[in-house]
Amino acid sequence: METKLFSPWTLKGVTLKNRIVMSPMCMYSSYDRDGKLQPFHFTHYISRAQGQAGLIMVEASAVSPEGRISDQDLGIWSDEHIEGFASLNEQIKAYGTKTAIQLAHAGRKAELDGDILAPSSIPFDEQSKTPVQMSVDQIKDTVQAFQDAAVRAKKAGFDIIEIHGAHGYLINEFLSPLANHRTDDYGGSPENRYRFLREVVNAVNEVWDGPLFVRVSASDYTTKGLDIADYIGIATWLKEQGVDLIDVSSGAVVQARISTFPGYQVTFAEKIKEGAGIQTGAVGLITSGVQAEEILRNQRADLIFIGREFLRDPYFPKTAAEELRTSIEGPRQYDRAW
């Protein structure tokens, strides 16, 4: 049976063999606290390549040490990180899977010793540390850190870069009026609150010519926050800057009640795709091949990001193919059982 899920997808010379993306998920397993890959990471990612993911996106990797969510996060703030990522990429690609990395800065949600940084000195919640409001120089340094990280990602052989602008981390904090109370050029109007992300995208584009994704949280789930209409506008700006795809998640810039259900974020991806005229990735409680196929067939999104289902089933693509009554090639070593 011919399916959309297992059809190739090409962008800027990068072709995915199918539309299944392993979503970036922090593993908090850089045990030496130096941001470097551990043996666990190789097993974790390569097993999903053997399982025939079209694209594997490495978890949020901090562009600076103070940009980690925890001190056991991966990092890409140093040239010392390149060798490990290059080795991982080589081994993943041996199975015909493309690779991406998510560049990130945790902002006020960093759980680290010492000062943490944010657009404004507003803690995430009552239990969280109060961040230091970033100076303009610190903002410029962070933009440079994203650019330097993109250079390292290119040297390490990644096919795609994603900028993490979601889940209440630094870029999301600048975008949302709930976390950004600045009165300078980086706060106030929507255009000013977008300025930091604009500068990050421009800086990355100066050194990166491959596909560029941005992950966003398309709703703050509160009446005083941003909603899908705001993010259609943001996605339009991103498209104008040359961003190729919006990876559409939601929430987490403030504490909020979120009613989840299968595919609960797909409607956001669909509305951004239609409203901004840009390709999108759908993510969030997508757990079956039939569900993924429906999203693609009805043109609600272009790629399917699979998160926790990949943790439960490293061979999710095979499972999905069987469900859709089609077949896919597996590793040659497994031919006798595939």
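Here the Cβ of each residue, glycine as well, is placed from N, Cα and C on the backbone.
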Worksheet item: Per Swiss-Prot, what member of Ala60, Ala62, Ala276 joins Ser23, Pro24, Met25, Cys26, Gln102, Arg215, Gly307, Arg308 in binding FMN at one site?
Response: Ala60
Worksheet entry | From Ser23, Met25, Ala60, Arg308: binding-site residues whose CA lies within 10 A of His167 (substrate binding site) | none
Discussion item. Below 8 Å Cβ to Cβ and six or more residues apart, same chain only. Which residues does that give for Ala166 (substrate binding site)?
Written reply: Asn172, Arg215, Val216, Ser217, Asp247, Ser249, Ser250, Ala252
Worksheet entry | Site with most surrounding Cβ atoms, counting all protein chains shown within 10 Å, from the binding-site residues His164, His167, Arg308 | His164
Fill in: Rounded Cα-Cα span from Gly165 (substrate binding site) to Ser23 (FMN binding site), Å
14
Worksheet item: Looking only at DSSP and grouping its letters into three states, which state does Gly165 (substrate binding site) belong to?
Response: strand
